[in-house]
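Features reported for this protein in Swiss-Prot:
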- 21, 22, 23, 36, 59, 60, 61, 62, 113, 146: substrate binding site (BINDING)
- 197, 314, 340, 341, 342, 343: ATP binding site (BINDING)
């Protein structure tokens, strides 16, 4: 994958527009989870160190296009950036006709989704973005799967279009995990439905040695293998699909599970062998025997890709399976990559972030890359690099 990289460019005195993913949760006008902002800081700092006049843009939420809405304003993000960078980061609302930014200064543009034509990737808007800068830097992996004005269109028209350090690191880590993975490779794919992760399961079944499934997905595979799953969430119409995937790759199934009579934080948890699951049981986690077996598989892997917790870890009594696997991934010598919102929450809960080789910031983009789909914002950077 050949793209121009911001790190290789001379930015002294250049106007640089950086597209970051600053779509963070805001509560009462204050940023409530700052992971994405923290991830963007090294790129912004590097551009400033290189002597650029820096303009940062992002979307936040899903406002009605073309209309300002206070709840989707990036003002809280501008306030956060000012503190984090130790300098004033003004929020600029009217920027499409040009902005006065001096070398060594940084401004944040108001939500790009307030601009008509952003979602539709309108050429006219993209050309306005491009006219603002000498160099466009795409650094938002989390929105790279969307062809929008500020992620794709601007890269077509900017004088120079490059990948930022965060985007470049994501592509390198995913390329390493999927392109030429160290063997053996184990993937964990968990979630409520096979149908939503079908392309991921199919794609990984072609490159993995072991495909560990969890959550409702595991229940569908268990039912497909003839096991009773009680009143657990599963997809009866996808049993043949599960069997077809299991015929292509080793899918180790749970031998014991943690069940409850109801889905609730107060529900009593009972460990049962899979053969003993009753008609009124709900499977909400893998059992200790299964967790220990899966942990051994992970510890002997060369590459691990983790997408999704294997149980309802939000409730502690159904979190031991995910905790055991998280600790095993942390202790493994494998190159490990993790992605997806629930996965990141589990990593935080069990304190293993430092021991995972790479944590992807992109949810949908992460999955689409794993599925083997082309990410439009990356494709346009490749095309520009060839030209």
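Here the Cβ of each residue, glycine as well, is placed from N, Cα and C on the backbone.
What Swiss-Prot annotates, mapped onto the structure for a quick look.
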{"residue": "21", "record": "substrate binding site", "DSSP class": "coil"}
{"residue": "59", "record": "substrate binding site", "DSSP class": "coil"}
{"residue": "113", "record": "substrate binding site", "DSSP class": "helix"}
{"residue": "197", "record": "ATP binding site", "DSSP class": "helix"}
{"residue": "314", "record": "ATP binding site", "DSSP class": "coil"}
{"residue": "340", "record": "ATP binding site", "DSSP class": "coil"}
- Message: So among 21, 59, 61, 113, all listed as binding-site residues, which is physically nearest to residue 343 (ATP binding site)? Use the C-alpha atoms.
- Response: 21
- Query: C-alpha of residue 342 (ATP binding site) to C-alpha of residue 23 (substrate binding site): distance in Å?
  - Reply: 17
- Note on the structure: residue 341 (ATP binding site), Cβ-centred 10 Å count of other Cβ atoms over all protein chains shown, is 11
- Note on the structure: Largest C-alpha distance in Å for the substrate site residues 21, 22, 23, 36, 59, 60, 61, 62, 113, 146, as a whole number, is 18
- Span of 197, 314, 340, 341, 342, 343 around ATP - largest C-alpha separation, Å: 21
- residue 340 (ATP binding site): nearby binding-site residues from 21, 23, 113, Cα cut-off 10 Å: none
- Item | Euclidean distance between Cα atoms of residue 341 (ATP binding site) and residue 59 (substrate binding site), Å | 18
- Item | Among 23, 343, the one of these binding-site residues whose Cβ has the fewest neighbouring Cβ atoms within 10 Å | 23
